[in-house]
Amino acid sequence: MYNQYQQQPQQPQQFGGQQQFNAQPQSTGYGNFYQQQVPTQGQQQQFSGFQTFSNAGALNQQPTGFSQQTQAQPQQPQQQQPQSQPQQGMQQPFGNQQQQMPLTQQLTGFNSMMPQTSFGQPQQQMPMNTSFNQGMSTTAVNAPTGPLQPQQTGFYSQQQPLEPLKPTATGFINSFANTGVDNTLKIPAIRLSFITTQDQAKFEKLFRSVVTPGSNTITGDQCRNILVKSGLQPHQLAKIWTLSDTNKAGVLLFPEFALAMYLVNSVLQGDSIPYELDSRTKAEVSSFVDAINFSVSNDSEVEQKPKTPFDDLTAGISMMQPQPTGYMPQLSFGSQPQQMQQQQQQQQQQPQQQSFQGLTQQPTGGYGAAPQTSFGNTSQALQPQSTGFMPQNSFNQPLNAQTTGGFSSVLNIPPPGSMPQTSFTQQAPMQTSLATGGGFLQPQATGYLPPSNFQATAPLQAQKTGFGNNDLYTSANLASKFIARKEEAITPEEKSLFYKIFETYDVEKTGNLDSATAVEIFRKSGLNRSDLEHIWNLCDTNNSGNLNKQEFALGMHLVYRRLNGEVLPNTLPPSLIPSSTKILNTVKDQLKQGVDKNNRQPTKEDGLRFRNNDDELLPSSRNRRKTIDQSKKVNENKEKIENLKNLIREKKELLASEKLRLENDSQRKQSENADLLRSIENLKSQIQALPSTSKKSPSANNAVPHDLQSRFDTLTARIPNLFKEISDVSKELVSSQLALHHLKVDHPIRGSGPNCKITELDCKNARQRLTLTAGMCTLVGRPEPNYDNLEAQAQHFNEGIETIEKDDQKNQSAINNISTWIQEISSSVQAIIHGRTPSMGLEMDKWESGIGLEPEVRDFIISWKNRRNFDNSSYNTAGYSNGIQISSSATYRNNARAPEEKDSYSSFQTPEERSAYVKEQAKKKMEEKLAALGIKKKSGSSQSSPNPPQLTQQQQPQQQQQQQQQQQQQQQQQPNYYQQPSQPAAAVNNSNLPKANDDDDEDEEDEEERRLLEQLEKLKLKKKQEKEARLAAKRQTSSSPAETKNDNGHDSWDDEPTPTNPTGNQSQAGSHHQYNPFGKSEATQQKPASGAGTPQLNNTPTGGRNPFFKQAPSQSSSFDLKAAEQQRRVQRGLDDSDGWSDDDETEKVNTTANKAVDVSSTAVPATSTASVPVAPSLPQISATTQEQSSVAVPIAPPLPLVKSESSLIPPPPPLPTSITEGSGAPPVPIAPPLPQINSDVAPAVPVAAPLLKVGGTATLAENEEPKPDDASDVLSIPESVASDEEDKFHTPGAEDVSVAPTGAIPPAPPAPPVPVIPPPPPMP
């Protein structure tokens, strides 16, 4: 039957106040190490009735049983009290009791009592509280008059033989059976503050049920199976796992598992998952994990002792003493047979039935009026004494007090003849009804019920009995529960409060409180000095004089504990020791132990010095035969190695496949990039292949006639001027109307507003003036002026002005509408004619100038535009070059008329031509400025006077005839590949021709340049005439050809040495200096000079003209010291020429021509080479021409005469020329023919006379001393008119070659820079 009393809360034992009854308490439990024999007096005087029941509340609690050591049976007193009460409830009248002997307290219970006894129930004699009818208050309880009956004890020598132990169906619930919980797992008893005690116990039980035996961690799969039942999202569980797995080991220890469960519960309650754990929680979990790790390491170091079947009986109880033999240990917790219990009850109640007859029966065992007893354990009912009545040999012998339930250090041996109390059994319920006085008491069902895991609905099961086989009563369970109950820890609420107090006083945030501050805080509690010193000694664990946060919290906990009346412990329990101190002490112990273990003596021979001992002929048994375990381990290791190898191989394959994929991707990207680049190049080629707009008709729309386009452009250009005139007329009209309005309305106030409006300030000032005038008139006696309607007049005046302004605004709006309408019409017409509108400006600027595009696209657009300009210029100059080749005379005439036809902006008829002209001029100016800065060479423009030299009538026929002969000779003698550069050379446009009369469109800078150039020309002409006069005098006085050597400030390879005897290496040395970069600028300018007679060319090799080449010995001395010195100065850059003077070059031309006339051919070496074809002879040129030209404008010298019988060497290819500053016509790009020489001698190398180059450096005569005025050519010329001729050693180009004009070339746009033509092959 289910016991209704087992669910009642335990009532405080109120019957412990023995002072009122002069009764001594029963000494029970473990608490007494020695028991004193105290004489009992309380049982001689008994109180009757219920007169002392009101004082029951003052009775103190009796320490009974083992209730202070076990937690597994907390409710057993309540369960046992009602069970045994009905048995003692049968009270008999004590009317016939004759002996009233004082009962003496009996010492029951022995050291051999096992913990498996009745807890808190002293099974001793039962004092009865009776009342007498006569009013007397005496007690006759347990004073039997008959013989004592044998008591049921635990001796083997029972009078009645004991039955063997049998399984008894007692109704106990097997709650402690093994349900899969791993109780062997050792988890330190550390309290986690962030979860409650109940949650920690639940999590620990769940952890033990899941953990694998032999391990202290749960795997990720096991944890996942638990956490997924919460219903959270996978990403939330993943984040919880990341926070919980503090060691990143992939497994969870118990504190980490508890943390994970705490986070899951927090999320389920609506909280969010923290991004990172707070420091407090992290520290607690970390310290718990460290404690587990240290405990595991300590347990592994402790040597395991062999286990015995009796270990579980003594686990956790250190006070167990060896038991005396001869006694049967009480194994049954209240499982005696009911028959024996009934017999014992009958035997115990026999003396009570022989009591006094006059005693009135008292109801005992009830709840309503429980009599006062001196041995009461509860406030509910009297406790029966099952075996506490010691049988005596004589009736009058007092009973001795018995100690029950304790293990005493001194064994109290009872008097001889006494039977020791061994049965602390729980009595079975009486199945019979109570006799008297307890009719209202019902029989209670017995059965021990564990209070912790009781399930009321579970079926009753039979319990195992016997010695040491019932795991329900194992001491391990009892001890672990007892320890858990005794553990005292600081609650999280206390910790948080104490930590806040600590942080409040720790103003410096050092983590420590000094002794003065901490003691002052503790002193506020009001405790005495001794308690405070005790608390300080307990909390200052490391004896540092300061307290950290954990030590301060411990001290505050001890302070509050002492204030609550508890006793301070002498030493801290493990649960109160701060975790930091525990970890520090553990580390210290491990270090100490590690030092002792590391001091092992090394073996005599280690593995490195091992040598096989061949004396051992017989192998050891271990090597001959392997055990099964070793083979399994080897196989497992092999399997692990194979698995690792497989994993490595798989990873390698994955890496190889990944690398292959990356390579394929890179190759694919490269191929795609290559395809994109090819497509881009194709687009570029397609764009470049598009026809240029300049090659088309001047108009984008061929259907529109040219005259209509010109008319439209003219009208469009007149529109802005017309609107400007309209605006001016409108302004004049408004001003006239305002003036007329002022004349009509004669108002005395002059307005200061717009259009002379009268403002309020004007009226105010006028009113003040009128007031002053009126005052003056009053003083002088004059009549005051009448200005009453001043405001009305001002308003009328302003209205007239406003009317004029409104009319003007209407007119302006009408004009604006007309302008907008005209612009719309002109835009549509312009779109039809030119293919674009002004609104396309931004887009055109973007794609024409590359604005807002990528750098690559912008560079391509710029390069394409440059190439398009080059193609356009080539296209425009094609017709002009053809015209030059047709007729030289017509070309000259056209060239003569060109400045007159193309000299101004207005001479162009179409807008395209005018825009091309403007662009051409702008490009020329830009190139000139860039050339002045040294950024880029000029492509064809120079900065001398734009006026071409005017030739006399006598020079024109001769020059024309010479040009025709040179062209014919060039066409006959030159190979085809030499004729290729002739067209671009002849097609060089005369870009400077329109510059003579472009004053209308040039700015002030161009005007200043032209003025400077004119002054420069005048100075040069003056100097040139003076020097020519001096040179003519020198030529007349010169006696030898060597004296006419030209010292022009440059290299002397133009100079003609005197005839010398040829040597064998002259023909080879002739081409020695042709690739010298320092001489190309002058070597390319050699042209035939004109003389008085037919000149004879010298066959001296060119090696003689090289200053670095040793001069061949000659018959007459041809070395000129001054010329050599001047040459060296030129090479070193020390000459005085600044490259501006034009007369120097002219002088050089004249002197070279005279020198070429005077030089005669000398002997040549006999080793001649193959002859070359002979060119036709050229006509002789009279000397008067040279004389006139030397004084007048310089011209190109005539070619020398050659003999008909001499063989000619093929002339070098013509070099491209360009227009220089002093030339008005393009130069002739042909070289003069070489003179014929005899077939028996080596052909002489022709020495070409220098071409006419205006602006070259001045030349001096051979023996002429440099004068001071020679260095005065350096003029202060701005950089914008600087020339490139200062670069004396640059690679010669087309702009460095200049000849006299031979014909007129029609003007054309400037050509791009012509590439440098390679020099001719060496002479044979």
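Cβ coordinates are placed from backbone N, Cα and C, and glycine is handled just like the others.
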Worksheet entry | Range annotated as region 'Disordered' in Swiss-Prot, from 121-160, 1201-1240 | 1201-1240
Discussion item. Take the mean position of the Cβ atoms of ASP540, ASN542, SER544, ASN546, GLU551, the recorded Ca(2+) site. Which other residues of that chain put their Cβ within 8 Å of it?
Written reply: ASN512, CYS539, THR541, ASN543, GLY545, LEU547, ASN548
Worksheet item: If you run the three-state DSSP split on ASN546 (Ca(2+) binding site), which class comes out?
Response: coil
Practice prompt. Would you mind splitting the domain 'EH 1' (199-288) into helix, strand and coil residue counts from DSSP?
Written response: 59 helix, 4 strand, 27 coil
Discussion item. Around the C-beta of GLU551 (Ca(2+) binding site), how many further C-beta atoms are within 10 angstroms, looking at every protein chain?
Written reply: 24
Worksheet, complete the sentence: Rounded mean pLDDT within the domain 'EF-hand 2' (527-562) lands at 91
Fill in: Structural state census, the compositional bias 'Basic and acidic residues' (911-923) (DSSP three-state)
13 helix, 0 strand, 0 coil
Worksheet item: Least buried of the binding-site residues ASN542, SER544, ASN546, going by other Cβ atoms within 10 Å?
Response: SER544
